[in-house]
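What TrEMBL annotates here:
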DOMAIN    A:42-203  domain 'Aminotransferase class I/classII large'
BINDING   A:T96, A:S97, A:F124, A:P125, A:T126, A:D127, A:T165, A:D194, A:H197, A:Y219, A:W249, A:T275  pyridoxal 5'-phosphate binding site
MOD_RES   A:K220  N6-(pyridoxal phosphate)lysine
Number of protein chains: 2
Amino acid sequence: MTLAELQALDRTDPLAPKRAEFLLPEGVIYLDGNSLGALPKRVVARMEQVVQAEWGQSLIKSWNLHGWIDLPQRVGARIARLIGAEPDEVIAADSTSVNLFKVLLAALELRPGRRVIVSDIDNFPTDLYIAQGIAELRGGYELRFVKKDQLEEALDEQTAVLMLTEVDYRTGYLYDMARLTRLAQQKGALTIWDLAHSAGALPVQLNRHGVDFAVGCGYKYLNGGPGAPAFLFVARRHQEATRPFLTGWMGHQAPFAFVPEYLPALDIRRLTVGTPGVLSMSALEAALEVFEGVEMEQVRQKSLQLTDLFIELMEPLAARYGFQLATPREHHRRGSQVAYRHPEGYAIMQALISQGVVGDFRAPDILRFGFTPLYLRYEDVYHAVQRLEQVMQSGLWQEARFQERAKVT
Amino acid sequence: MTLAELQALDRTDPLAPKRAEFLLPEGVIYLDGNSLGALPKRVVARMEQVVQAEWGQSLIKSWNLHGWIDLPQRVGARIARLIGAEPDEVIAADSTSVNLFKVLLAALELRPGRRVIVSDIDNFPTDLYIAQGIAELRGGYELRFVKKDQLEEALDEQTAVLMLTEVDYRTGYLYDMARLTRLAQQKGALTIWDLAHSAGALPVQLNRHGVDFAVGCGYKYLNGGPGAPAFLFVARRHQEATRPFLTGWMGHQAPFAFVPEYLPALDIRRLTVGTPGVLSMSALEAALEVFEGVEMEQVRQKSLQLTDLFIELMEPLAARYGFQLATPREHHRRGSQVAYRHPEGYAIMQALISQGVVGDFRAPDILRFGFTPLYLRYEDVYHAVQRLEQVMQSGLWQEARFQERAKVT
């Protein structure tokens with residue numbers, strides 16, 4: 001496709017107006033929204049409001065006056081719409097890792113006779129680490145971390161929990177959530193899905209697929225800001241039996257009664273712990289307003305077009321310079337990113353970033369490019385590939401390599 | 001003392017210039033900094049910087065370029081100076097509750113044969129709840145929660161951990177940290193001190209008293225903003241043996257190596273978990289800059305003068321209207337707040353707040369007044385008591401009581 005054709009696509013793109021809702025740096029093509037989403041303009045205004053008017057002027061009264069106390073539920077309800085859940089099944093709190101700790105502990109408690117946790121050895125490390133911490137804490141668990149193609153046979157009658165990240169952070173591989181959930185449940189296991197790379201990136205259907213628990217991240221495709229609060233999902237059928245162990249006052253039935261005995265809240269709030277981080281949670285709330293009126297099917301359609309286009313434009317470079325596509329070509333197995341393997345991946349990415357195309361590198365050899373339909377144009381994809389071609393042709397990446405070696409020695 | 005005398009005191013107060021570093025609402029006397037600290041002006045500028053320039057313009061590069069990745073350690077080091085710890089013994093992370101969960105689990109692991117956790121039944125509830133959650137998780141523990149005057153005899157050779165909040169959130173009672181730590185350690189137990197109401201309020205000497213672990217809150221006397229990140233302290237002698245169970249990627253030795261096996265960081269970072277909340281942690285960092293050049297002994301001296309003055313001015317009201325002082329008169333047993341019991345405490349506090357004097361109420365009958373030497377004047381204390389007198393004389397508090405009843409029915 002020519003640049004003119006792509007510009008024409010941008011003109012008719014129903015999501016095109018959304019780009020104006022973001023503050024983007026001049027001259028940069030940002031292909032790293034899968035790691036840190038760009039800044040929505042309304043966050044700027046909201047932060048001024050919450051810092052200066054709410055905290056500064058109303059001070060402690062803001063907990064009620066400005067609804068700070070309900071932020072975890074309000075933000076959760078906004079996320080619920082994006083992931084196929086009911087508003088009362090999702091709550092914003094803590095970090096993804098801490099939330100996984102909570103739901104994994106709770107899920108194991110619901111399968112007391114079973115001692116196996118199954119996951120993908122290529123899962124994002126924090127997920128595997130959290131499972132290791134829990135296995136040490138509780139004792140007697142087997143961590144069955146296997147390659148993707150061994151997952152199905154790893155599930156058996158001993159499996160308590162199958163925990164997976166829906167989209168592989170390195171390759172962009174998209175799991176079949178419906179099938180894996182069904183297979184796990186057929187063995188009597190519970191499922192925990194980490195939606196770090198899918199919430200806000202593609203339509204997620206937790207309830208349609210009967211998922212038990214989920215966690216996810218606020219700072220990637222949801223654009224909530226660096227280290228934004230995370231979220232967790234508990235299917236309504238499990239909420240009453242879901243036992244909290246990280247029992248903080250915000251998860252109490254009556255936090256302001258200040259009684260010495262812990263009694264879990266009757267709803268999903270029982271999985272909150274300490275005082276919510278109002279500043280960062282307000283930023284996330286404002287960022288989620290950008291999704292108002294957006295259907296995730298629309299986002300998905302554009303995302304696939306963007307990644308298709310990138311793969312297509314990269315074909316000649318891949319052949320000429322040895323980039324190996326690590327992302328599935330099949331739409332139903334692809335998230336909203338494209339990854340290439342290259343032995344000089346680190347240096348190439350450094351050089352590309354210096355030219356204003358921001359992707360990232362994941363050891364040992366992965367160049368990652370994230371595609372965020374709310375603020376990315378078709379023509380950006382064209383220019384990104386063009387600049388990569390220049391980096392390769394000009395040998396600029398070799399300079400980056402030498403600089404890196406100089407730093408190491 | 002007369003108003004003129006108090007105004008003279010304000011003119012010679014060495015901390016007086018600090019007040020100008022805060023944005024305070026016009027006409028309000030804010031006596032609730034023990035619940036949510038006021039807004040330091042530099043936080044406003046820092047939030048604009050971190051949102052618009054760092055996140056907005058530098059995006060993902062800010063993790064290195066703007067030092068986001070080191071925020072937990074940088075903020076921890078700033079807090080360390082205020083609590084008598086070394087910079088590498090404190091780290092900012094998560095909420096107070098989550099941090100207590102981490103250090104209590106770790107402390108129990110260091111005393112494997114012992115099965116008793118001792119605390120004050122009047123401790124802030126989240127501390128007691130966290131201990132309850134851990135006792136359920138690990139099984140076989142006795143929670144020995146007793147009244148303050150029974151604490152010493154509650155300590156025995158079975159005690160694994162004594163956990164206390166240094167300043168009682170209701171009454172402002174200040175524990176003898178040196179003595180209690182010594183008594184616990186004489187029995188072979190470890191100590192965890194919650195500094196929620198002492199960090200930034202009075203000089204804390206963790207290392208001088210040989211404290212083992214501590215946690216604390218960023219949003220009270222440290223003025224970090226609503227729900228600011230909390231902190232934790234691990235004495236250097238325990239760091240290598242302190243075992244993390246909430247094992248997230250930020251606590252890994254090499255988070256960006258993305259290896260599947262968890263290996264704890266060699267320093268206190270092993271007690272961090274997920275991605276740090278950059279927005280809220282930046283606010284806290286800026287707020288802590290207000291303490292530069294401030295000695296905690298100075299703060300303490302003014303704090304005691306403010307609370308002495310308040311108690312003195314309240315004497316006639318206490319006698320006339322039945323306010324019962326709940327805070328110790330002895331300096332060495334008093335934190336930076338003053339509490340009175342009154343059967344109509346709730347209605348009285350509502351009426352007082354409506355008159356621009358903001359304290360708070362804690363069930364069943366406590367009116368709390370927090371005194372924050374960095375932004376409070378001596379003359380504020382005078383006016384606060386005057387307005388309370390007007391509230392009582394005018395019967396305004398009775399209106400508040402009727403309104404409250406009307407709401408309930």
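Cβ atoms here come from the backbone N, Cα and C positions, even for glycine.
For A:W249 (pyridoxal 5'-phosphate binding site), the number of other Cβ atoms no farther than 10 Å from its own Cβ, over all displayed protein chains, is 24. Candidate binding-site residues A:T165, A:H197, A:W249 yield A:W249 as lying near chain B, with Cβ-Cβ distance under 8 angstroms. Annotation for A:T126 (pyridoxal 5'-phosphate binding site): spatial neighbours A:T96, A:S97, A:L100, criterion Cβ-Cβ under 8 Å with sequence separation of six or more. The CA atom of A:T165 (pyridoxal 5'-phosphate binding site) is located 14 Å away from the CA atom of A:K220 (N6-(pyridoxal phosphate)lysine).
For the recorded site, A:K220 (N6-(pyridoxal phosphate)lysine), the DSSP three-state label reads coil.
The distance from the Cα of A:F124 (pyridoxal 5'-phosphate binding site) to the Cα of the residue listed as 'N6-(pyridoxal phosphate)lysine' comes to 14 Å. Comparing A:K220 (N6-(pyridoxal phosphate)lysine) with A:W249 (pyridoxal 5'-phosphate binding site), their Cα atoms are 29 Å apart once rounded. Listed in sequence order, the residues of the same chain lying 6 or more apart from A:H197 (pyridoxal 5'-phosphate binding site) and placing their CB within less than 8 Å of its CB are A:N34, A:T165, A:E166, A:V167, A:D168, A:Y169, A:G172, A:K220, A:Y221, A:G335, A:S336, A:Q337.
Ranked by Cβ neighbours within 10 A across all protein chains shown, the binding-site residues A:T96, A:T165 are led by A:T96.
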